[in-house]
Amino acid sequence: NLYQFKNMIHCTVPNRPWWHFANYGCYCGRGGKGTPVDDLDRCCQIHDKCYDEAEKISGCWPYIKTYTYESCQGTLTCKDGGKCAASVCDCDRVAANCFARATYNDKNYNIDFNARCQ
């Protein structure tokens, strides 16, 4: 779920507040459209598509589905918990790791969505 995703982000990117990822580029935090503005925004686009796939599992609601995972020194490991939970956890784990690898560009935070995300 989104609360657990926030915690995963904090694990992989501990020096940046999670809310900096909630309104970034064209895909982080609000659905999304257009071309991602950079690699970090592309991480969010991939995460959105991953959630779309998880929603195809009967009864799976990624934004609220809880799952079990472990975090140890920046390493995230999803635990068994059924097909939906495993799928959602993996979406969040992959995205949090992607965030850690991508460069955060302050100019892409809180951009003019209508002008830049066509």
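Cβ atoms are placed via backbone N, Cα and C, with glycine included.
Cross-referencing C91, C98 with Swiss-Prot gives C98 as the cysteine bonded to C43, criterion being a recorded disulfide. Per Swiss-Prot, the Ca(2+) site holds Y27, G29, G31; the candidate it also names there, chosen from D38, D39, D48, is D48. Between C44 and the candidates C26, C28, C60, Swiss-Prot records a disulfide bond only with C28. The disulfide partner of C117, as annotated in Swiss-Prot and taken from the candidates C26, C50, is C26. Per Swiss-Prot, the cysteine from C72, C78, C84 that shares a disulfide bond with C60 is C84.
Among C11, C50, the cysteine that Swiss-Prot records as disulfide-bonded to C91 is C50. G29 (Ca(2+) binding site) is 15 Å away from C98 (disulfide bond) when you measure Cα to Cα. Counting only same-chain residues at least 6 apart in sequence, those with a Cβ under 8 Å from the Cβ of C84 (disulfide bond) are A54, I57, G59, C60, K65. Following the DSSP three-state reduction, the secondary structure of C26 (disulfide bond) is coil. Here C50 (disulfide bond) is compared against the recorded positions Y27, G29, G31, D92, and the shortest C-alpha distance is to D92. On its own chain, C28 (disulfide bond) has F21, A22, L40, D41, C43, C44 as residues at least 6 apart in sequence with a Cβ closer than 8 Å to its own Cβ.
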